[in-house]
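Input: a single structure, listed below in structure tokens.
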Amino acid sequence: MQEFTNPFPIGSSSLIHCITNEISCEMLANGILALGCKPVMADDSREVLDFTKQSQALFINLGHLSAEKEKAIRMAASYANQSSLPMVVDAVGVTTSSIRKSLVKDLLDYRPTVLKGNMSEIRSLVGLKHHGVGVDASAKDQETEDLLQVLKDWCQTYPGMSFLVTGPKDLVVSKNQVAVLGNGCTELDWITGTGDLVGALTAVFLSQGKTGFEASCLAVSYLNIAAEKIVVQGMGLEEFRYQVLNQLSLLRRDENWLDTIKGEVYE
């Protein structure tokens, strides 16, 4: 797509601080490395600021939340806000957990660069009817017309923030732009952590100076296109997971990968 410029090669090996869950931690670390940056995962409040202060972007994922992790998240988010450090917040599980939803709403005061979630999570967060269960989106929540209008209103309240909403059609909404993106494959739903990985990749592109809107579009498209390149091979679950990470490191060598992004950007 002509709207975006190729972020590769990565200009510097940025440090990406991920406060995330134990299930997808290894996948995120390898995905960040595959793009040419360096990951660190520190969620102990005694040291969290030491790592956040050295980082070029912060990714906060609410999976496996605990009181200690919440303390670390609040400390890191506060520092990111004070120092203008790019920050991605992934609203995992807010459809089910009132604690997580309350935390995300508090984190809005720290002005994250990108707020990410699946269709059900974002609908829940902005007060729309939803059918999400656990941390998964519901097929009943894929209507976008009412969601887009509410997100546009929210972007007026939080003008520096972009929304990244994952689903069969991925949505990226900022104050002045909307993208509806169509890459991807259902096989990505077979393995845990791919949604978390999108958030981490968004942080990578933010560390390279991309806006929240650009970084979100690039991240979700990059992972989806990488997956599209291998799905035709008809492989098993673990092999598919392995090859997704493999393609993340290979796709950046393709100078024309942006041409395979499917979707539209509206002003």
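Quick reminder: no glycine exception, Cβ is built from N, Cα and C everywhere.
From a predicted model like this one, the values you see are computed outputs, not experimental measurements.
Per Swiss-Prot, the feature substrate binding site maps to M41, G193; the stated evidence is sequence analysis. Positions annotated as ATP binding site by Swiss-Prot, on the basis of sequence analysis: K116, T166.
The separation of T166 (ATP binding site) from M41 (substrate binding site), Cα to Cα, is 24 Å.
In the three-state DSSP scheme, M41 (substrate binding site) is classed as coil. Minimal Cβ crowding within 10 Å, among the binding-site residues M41, T166, is found at M41. In the structure shown, the C-beta of K116 has more C-beta neighbours within 10 angstroms than that of any other entry among the binding-site residues K116, G193. If you measure from the Cα atom of T166 (ATP binding site) to that of G193 (substrate binding site), you get 13 Å.
Here the C-alpha separation of K116 (ATP binding site) and G193 (substrate binding site) works out to 14 Å.
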